[in-house]
Amino acid sequence: MGKYFGTDGFRGEANVTLTVDHAFKVGRFLGWYYGKNHEDGKAKIVIGKDTRRSSYMFEYSLVAGLTASGANAYLLHVTTTPSVSYVARTEDFDCGIMISASHNPFYDNGIKLINAAGEKMKEDVIAEIEKYLDGELGEIPYATRENIGCTVDYTAGRNRYMGYLMSLAIYSFKGIRVGLDASNGSAWTLAKAVFDALGAKTYVINAAPDGTNINANCGSTHIEGLQDLVRREHLDVGFAFDGDADRCLCVDEKGEVITGDHILYIYGCYMKDRDKLVGNKVVTTVMSNFGLYKAFDAVGIEYEKTKVGDKYVYECMSENGYRIGGEQSGHIIFSKYATTGDGIITALKMMEVMLAKKKTLSELAAPLVIYPQVLKNIRVTDKTQAQDDADVKAAVEAVANALGTDGRILVRESGTEPVVRVMVEAGSTEECEKYVDQVIDVIKSKGYAV
């Protein structure tokens, strides 16, 4: 990770951490950098945004920077992150930009950069952007006269993406009662239209964005509202998205939450049954629940574990040709259909499995028993030193031995804070608490705690 850009873009509080000046300079750099690949100097860059009040401000700043460097800016307007990825990789765009802070509160925002292949932008390009932001590359010339770039309203690109989503459904949804929680974010422009077109009877909540209510007690991080809707209206299934709709969690017909781990299990089994699970493997992160691995073992599915972050999941998948991978949080990547997590594709694929198997979501998820989990953070003076301490390691090993094959312990550093995270999964919450506290007590006793 760099000074400005992390694994999921440049993110922070609008006009505090991420300012309009930053956005303008990012636009200036990208317009100039990609313009060098064109005889006429005109790069072609597509932009999407979520519903935050500041997203419009950052869009204007990016467009000003891009066009001032001679690039043409194509505006999808309010749309999802995966739609920007799709448009970038299926048309002749040099790159894509998504303005969003995903599941963060409205006062945060972010700039996600996507290359022409629809993937997260390569680190060497990000490094050059950071140099420019820090004034290390000198001045970029301004375009003048007819060389100034154009701005194009490009809702046609978003509509084409909607058509692509509909083409992925191999069954009619007629007669199925579906709840959708749009999180007052990007999904509100797409999800209902797609499900309606496929024949579902849709019940939608949190689809009235006002610039400040994105992710506010709604969506995939606050799924209780969707659970209530499914139970109250006796729906067959529900899907909750985050602010930019690259995540999706589900609610079964009983109103119970279906996590990303459940989704990986359900779709992994579906693919294996059809001899389409490449390498017989599903890609997970180290934070996936212990119960997922036990369930995979029971059906003979193998798995790869990556660091936390859909970036690392995608890298593992692309290097090995794997078809399905993701995170407990609902970032699920179906590599045959997308290069990023795509919440709406996730929902469509869960519908496909239900219809193909003629089973409810609760029936499909039943073999996976989620273990109780306790995760605690402890602020420390030196997170690497604390984690590498011999006594701390001994305490972790003692817990691992005590749990045996009936649980696990994971201790890892935060990537962004001076924090060590201690997580235990075991047969009961009480057992988890006991073992987490044992390790934290050792960290405190060695003087690392702040």
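A Cβ is built for glycine as well, from the same backbone N, Cα and C atoms used for every other residue.
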Annotated companion of Asp242, Asp244, Asp246 at the Mg(2+) site, Swiss-Prot, chosen from Ser83, Ser85, Ser102, Ser414: Ser102
Where Asp246 (Mg(2+) binding site) sits in the secondary structure, as DSSP reduces it to three classes: coil
Cβ neighbour count (within 10 Å, all chains shown) around Asp244 (Mg(2+) binding site): 33
Additional residues around Mg(2+), ordered along the sequence, whose Cβ is within 8 Å of the centroid of Ser102, Asp242, Asp244, Asp246: Asp50, Thr80, Thr81, Ser100, His103, Gly185, Ser186, Phe241, Gly243, Ala245, Arg247, Gly341, Gly343
Ser102 (active site, phosphoserine intermediate) - helix vs strand vs coil (DSSP): coil
